[in-house]
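Engineer: Feature list, courtesy of Swiss-Prot:
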- SER43, GLY44, GLY45, ALA46, ASP47, SER48: ATP binding site (BINDING)
Amino acid sequence: MSTSTAAPAPSLSDLCPAALRRPVAAALRALDPAPARLAVAVSGGADSAMLAVAAAAALPPGCTLRLFHVHHGLQAAADQWAAQVRGLGALLGVPVDEARVTVPPGQGLGMEAAARLARYQALAGLARQHGVRHILLAHHRNDQAETVLLRLLRGTGLQGMAAMAPLSERDGVAYLRPWLDVDRAAILALAGAVRAQCGWQAVQDPTNTDPRYARAAVRTQLAPALDARWPGWQAIVARHARQMAEAAEIVAEVARADFDTLEPADAGRSFSLAAWRGLSAARQAQALRHWLASQDAPMPTEARLAELQRQLRQLHALGHDRHLRWQHAGRVVRCERGRVWIDD
C-alpha cells in the first residue's frame, strides 16, 4: 500500500517573482567590489518587507543579509511594527537590528523631513555598528512619480527633477534603490502571497494616507485624478526623472569643466573673478553651484544665487579695494585682489 506525502510549502524566497527579484540581483551585480554584507531598511510596511524577501531570494553567494529597523516612536503601534519586522526576520532566517530614535521638534524642518533625517542617521549608525556599506531601500515607481510631482510643485530645479537615484551615498553608506522602475501593484501582490503562505501581514502606517502630510496629499488626492485621466502616468513621470538625471549629469560635467578654467586654488576655495566673468550668464550660475557644492556649502535659493551673481558682475565698478562679503548659512563669500573666496 503506497502513501503520498504532501509537497513541502515553498519558502518566502520561492514566492518572489522574477520581476521583483531580478532588479535586486542586477543592482547587486553592478557593485564593484561585491559586498560581503548587505542590509535592507525595513519599516514593517509592505514595500520594505517584500524588498527583504526579494533580497533574500537574490542574495549572491558569500554575502550575508541583515534587516535594519528604525523605531521612531511616532505612532502608537510602533512597538508592534518592530515586532512584525522581527517576525519577518525569523521567517527569512535573517538577523534584525533595531535603532530607537527620538524625532526632535523644530530645527526648521517639518515632521516628515525631521523623521527622514533621524532615520538616515540611525541607519548610518547601524551600518557602522555591523560593518555594512550597502543598504537597500524599497522606493518604487509610484514613490518616484510622487517625488517628482512634489518637487515640481515646490519649484525644484533640474537636479531636483531627477528625483531619487538608483544609487546614492550618504554618511559613508551606499543606498541602493533597485525598484524605481517597479510598479507597486507587483509588490502588493507578493505581500498577499506571503500573507496567504505564512500569515505574516505588513503594517499600515496611517501617515501614508493622512492628507495633512504633503506626500500623502499627493497620493490620496492628486494621484487618483491622474489615474483616472492618464492611466500609467507613474511610468511616464519616472521616465521623465531618468531623463532629467541624464541632463543634470551633463550640466554638472560642464560646470566642473568650466570651474577648472577659473584658475582654482587653495583646494578650490578660490577662483579668478575675471575668468568667471568670461562665462555666459547660465554657465556662471552653474559654476557657482558647483563651487558651493564642492565646498560643502548649502545650496542657496535661485534668488539668493542670482544676487551673488549680480554682485560679482558689478564688482568692477567698485574697485579692488572694496571687498564683497556675501553671507550664506554661516559661510562668507568675499572678493579680494581679483579672486573670489569662500570662508567658514
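The backbone N, Cα and C atoms fix where each Cβ goes, and this holds for glycine too.
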Engineer: In DSSP terms, helix, strand or coil for SER43 (ATP binding site)?
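Structural biologist: Its secondary structure by DSSP: coil.
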Engineer: Other than SER43, GLY44, GLY45, ALA46, ASP47, SER48, which residues of the same chain sit close to ATP? List them in sequence order, counting a residue when its Cβ is within 8 Å of the Cβ centroid of the site.
Structural biologist: VAL42, ALA49, MET50, ALA138, ALA202, VAL203, ASP205
Engineer: Report, as a single number, how many Cβ atoms besides its own are within 10 Å of the Cβ of ALA46 (ATP binding site).
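Structural biologist: So the Cβ neighbour count for ALA46 (ATP binding site) comes to 21.
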Engineer: How many other Cβ atoms are found within 10 Å of the Cβ atom of GLY44 (ATP binding site), counting all protein chains shown?
Structural biologist: 24
Engineer: Looking at Cβ-Cβ distances, which residues of the chain lie under 8 angstroms from SER43 (ATP binding site) while being 6 or more apart from it?
Structural biologist: HIS69, VAL70, TRP81, VAL85, VAL203, ASP205
